[in-house]
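Q: Structure in structure tokens, see below.
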Amino acid sequence: MEFLQQLVNGVSLGSIYALIALGYTMVYGIVKLINFAHGDVFMVGAFIGFYSITILDLGFFPSLLISMVTCAILGVLIERIAYKPLRNATRIAALITAIGVSLLIEYGVIYVRGAQPEAYPGDLIPATSIDFLGVKVSSQSLMILGTSVVLMVLLQFIVHKTKIGKAMRAVSYDMDAARLMGINVNNTISATFAIGSALAGAAGVAFGMYYTKIEPLMGIIPGLKAFVAAVLGGIGIIPGAMVGGLLLGVIESLVSAAGFSLWRDGVAFVVLILILIFRPAGLFGKNVREKV
Amino acid sequence: MRKKKLAGIFMSFMMAAGVLAGCNSSSTSGEKDGETIKIGANLELSGGVASYGQSIEEGLKLAIEEINKEGIDGKKLELVTFDNKSDAAEATNGAIKLISQDKVSAIIGAATSTNTLAQVEIAQKNKTPLITPTGTNSTITFKDGVLNDFVFRTCFIDPFQGTVAANFASKDLKVKNAAIIIDSSSDYSKGLASSFQKSFESSGGKVVAEEAYVAKDTDFNAILTNIKAKNPEFVFLPGFYEEVGLIIKQARALGINVPIMGGDGWDSPTLVDIAGAGSLNNTYITNHYSSGDSDPKVQDFVKAFQGKYKDKSPDAFAALGYDTAYFLADAIKRAGSGDPEKIRKALEETDGLAVVSGNLKVNENHDQVKAAVILEYKEGKQEFNTKVNP
Amino acid sequence: MNMLKGAKGFWSSIVLAVVFGIAMQFLITGEIINFFYVNTLYFIGINIILAASLHLIIGITGQFSIGHAGFLAVGAYASAIITMKLELPFVLGLVAGGVAAAIAGLIIGIPTLRLKGDYLAIATLGFGEIVRIVFLNIEYVGGASGMTVTQLTTWPWLFGSILLTLLVIRNFTNSTHGRACISVRENEIAADAMGINTTYYKVVAFAIGAFFAGVAGALYAHNFFIIQPTNFGFLKSFDILIFVVLGGLGSMSGAVLAAILLTIVSTFLQSYPELRMIIYSLVLIIMMLYRPQGIMGTRELTSFFKFGKSAKGGVNDGSKNTVA
């Protein structure tokens with residue numbers, strides 16, 4: 001039973017990683033760029049949600065929507081200003097830029113509002129615990145898990161069944177060929193960033209609801225963990241990000257449960273290095289050919 | 001053929017040296033007018049425990065304003081503040097800057113034990129008194145039989161705080177077994193935990209579970225599940241408000257409804273925001289003072305504080321910041337000058353100075369022997385429970 | 001190239017350096033420059049070593065590593081154990097710091113250097129974090145609350161280490177091995193096809209870079225009184241990275257100049273840490289957008305003194321070949 005409870009803990013932790021990892025994996029799939037700023041877009045999303053709840057006095061869902069839209073715009077802006085001019089530059093140049101953008105967002109937010117944490121109001125979504133065979137499951141973590149599954153399915157649908165999804169796959173496969181075939185590459189990439197960043201925004205609000213405390217540097221560790229999750233599942237593969245996130249959450253929970261709570265962050269990186277060395281394509285890398 | 005490369009590097013070195021030397025000559029002029037005594041404050045004004053540093057600063061400023069109305073033998077105190085960003089390396093830098101750049105007579109700070117420890121060696125080496133308002137770890141002033149003679153504190157020490165908590169748990173709450181959750185990135189938390197464990201076990205209690213986390217963690221469900229499985233009657237949680245708030249919230253959600261107790265590290269309004277008023281019911285803290293204390297000295301302070309800071313209720317950090325300024329001002333008065341060595345001696349001889357948080361008396365280890373209060377959280381408000389004399 | 005002439009320049013710059021070092025020593029012992037500036041000077045020196053060591057890995061060999069703070073940490077802790085726990089002399093601490101970091105470099109380098117580009121970057125970032133977490137969990141070195149270290153770093157040690165670092169890296173770069181490393185940077189597949197053992201050279205460069213980062217760690221530990229795992233987070237790695245990126249990927253003098261410049265700038269901005277980080281990040285972004293090769297490109301300071309001449313065959317061909 002205790003083990004079961006730890007699994008539940010792991011899954012609720014992992015569903016946050018999964019939510020962030022979905023956006024990571026989409027962006028990587030299409031531009032082959034580790035968007036370091038993704039974790040910070042997540043942070044901005046959490047703050048936008050917080051301010052719309054407390055200052056604009058909006059409910060949970062309008063705030064979520066505002067946060068997603070703002071983050072989508074932010075994502076597109078980042079792409080247009082910082083990444084687009086570097087599309088044909090080396091990957092290291094793009095990576096350094098991504099690190100720069102990430103630091104800029106973090107410290108820009110600190111500069112504007114200070115580094116002190118903010119607490120989400122606790123009365124927006126009823127936080128009840130459901131008792132199931134002696135295992136406590138909080139309604140909020142069920143909601144987060146539900147949201148990430150729904151978003152994953154939605155993303156799969158967008159990528160595989162819609163026109164823009166087809167364009168994304170084409171751009172991911174061969175950018176120049178796609179352009180020759182009449183696909184507007186710039187718009188497709190912007191759309192990818194918009195979707196990915198909106199997901200990060202949603203994850204930010206969900207994180208705020210679930211963990212209450214938000215602060216300007218909160219995106220760094222979840223961002224890195226989500227990247228590990230994306231690599232674990234096979235970067236560029238949407239269901240992979242989901243499974244990778246959940247798996248990482250469960251691994252971390254079990255490590256803590258075994259009495260090594262101080263090693264938890266280290267384990268995530270060990271997993272990353274092992275995966276990179278032994279199976280760089282990730283767990284799902286082999287089965288799925290098309291990457292987005 | 002790279003002969004000039006190294007030469008170039010050294011030229012730039014020279015340039016750098018020139019810049020440094022230039023700055024130096026400009027900084028030494030224009031001070032020491034004899035009218036003011038400079039006091040450094042090396043505090044956590046931003047970063048993880050910003051709430052402590054900000055409160056201390058508010059208390060300090062209020063006290064210095066009051067002191068400067070009359071002055072100390074005609075001299076005024078001038079406060080030079082340095083923000084150490086809740087970071088130990090920055091705290092070290094701050095101490096260096098305050099001593100060698102600003103030439104302060106004494107340093108007040110930092111709020112946490114770790115950031116104070118980071119300054120101890122600098123203070124000792126440069127023979128500048130260092131007073132921590134709230135650094136409760138016992139090794140700050142006295143370690144391995146060696147006294148840091150320039151280092152003082154205004155607060156009580158962890159062994160006392162831990163003992164008070166342990167006695168409260170075993171005598172007042174009558175619990176037989178307890179779990180401890182330690183912030184292993186903090187000397188304060190470790191010190192408090194070990195003194196709690198020692199006194200709790202010596203009074204017949206048993207520590208059934210011990211878990212650890214590090215500052216900035218957000219998910220504690222895994223360690224809390226471990227604790228729940230051991231069914232403790234009581235949880236001792238010596239940590240800082242950001243993490244403590246999350247831990248209490250998650251513990252209550254997991255169904256750990258036993259009393260939870262901590263130290264002065266909890267004392268911040270942010271704790272209530274994070275944990276939620278409901279989750280905080282049935283939790284207790286040991287603290288330096290209570291704003292609800294009926295002692296006239298306390299009430300005068302609360303009134304003055306609320307007059308200056310728009311009806312804000314002063315927490316223990318503000319009170320200790322205020323007390324520290326008086327502690328130092330009293331010593332400067334007796335020393336008769338801003339000379340660090342004389343101030344040190346005067347601080348050492350402090351005996352029975354009445355301040356808001358009790359009476360200050362420096363013992364042979366440079367610690368204070370002071371009373372502690374136990375507060376209980378009820379619907380998000382701190383309520384006075386008992387006062388424990390040493 | 002005239003060997004004799006080259007050697008003469010080499011020796012004259014050494015003499016110049018020693019004169020400078022002795023002059024500074026007098027300024028310090030005579031207390032002509034105060035403690036605060038001496039401290040800044042030490043910080044500049046440590047950053048120079050760090051910048052030069054990362055330059056060898058990124059600038060010369062083209063391996064994008066963002067876990068350099070990990071080596072700094074290994075060196076810092078190893079040397080602190082030698083001097084504080086075993087109470088051995090500081091010089092042993094310096095050597096031990098370097099050697100321990102070099103071993104760490106080998107351990108991490110051999111498996112991860114098979115990775116390329118951003119995967120390597122992430123793996124090294126992960127490595128840096130693992131190192132930090134390992135020290136966090138070792139009670140022997142104080143765990144998370146860190147280890148207090150006596151100040152032993154003095155100007156002669158620091159200056160000697162800087163000199164040694166710059167000389168070794170300069171000579172390595174100009175040697176056969178260095179050229180092999182540059183060929184790995186320019187085109188790994190082509191280098192492989194030319195019979196260069198690319199993995200070997202990558203690992204060697206990595207280990208040498210790590211060694212000097214470890215030496216810097218030893219100096220760092222014995223200058224700042226307390227070392228804590230949080231001092232060595234990835235922000236520290238980024239701090240080092242920006243020296244190399246700003247100075248010019250492939251230019252040692254550029255990296256050194258950037259280290260001096262940025263350390264001074266950040267000392268002045270000490271009271272405004274957010275502003276400092278904002279400036280850093282803007283520098284990174286604007287640099288990559290408008291001058292991805294950095295201020296100096298692959299050129300060294302020397303090349304500015306030789307108008308019109310191609311400086312050194314293949315190495316310094318202006319801004320055409322760079323890593324970024």
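The backbone N, Cα and C atoms fix where each Cβ goes, glycine too.
Straight out of TrEMBL:
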type     : residues  : note
TRANSMEM : A:6-26    : transmembrane segment
TRANSMEM : A:59-78   : transmembrane segment
TRANSMEM : A:90-112  : transmembrane segment
TRANSMEM : A:141-159 : transmembrane segment
TRANSMEM : A:189-211 : transmembrane segment
TRANSMEM : A:226-250 : transmembrane segment
TRANSMEM : A:262-282 : transmembrane segment
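Describe each of these features in terms of where it is and what it packs against.
A: Residues 35, 38-39, 41-42, 135-138, 141, 144-145, 147-148, 151-152, 155, 159, 192, 195-200, 202-203, 206-207, 210, 222-223, 225-227, 229-230, 233, 235-238, 240-254, 257, 292 of the same chain sit 6 or more residues outside the transmembrane segment (A:6-26) yet have a Cβ under 8 Å from a Cβ within it.
Residues 12, 16, 19-20, 22-24, 26-27, 30-31, 35, 38-39, 41-50, 60, 63-64, 67-76, 78-80, 84, 120, 124-125, 138, 140-141, 143-144, 147, 151, 155, 158, 164, 168, 171, 218-219, 222, 292 of the same chain lie 6+ residues outside the transmembrane segment (A:189-211) yet bring a C-beta within less than 8 angstroms of a C-beta in it.
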Q: Ranking A:59-78, A:141-159, A:226-250 by Cβ pairs under 8 Å to the transmembrane segment (A:262-282), which is first?
A: A:226-250
Q: What else in the chain is close to the transmembrane segment (A:226-250), if you only count residues 6 or more beyond its ends and a Cβ gap under 8 Å?
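A: Hits for the transmembrane segment (A:226-250): 7, 10-22, 24-26, 28-29, 34, 38-39, 148-149, 152, 155-156, 159, 172, 268-269, 271-272, 275-276, 281-285, 288, 291-292.
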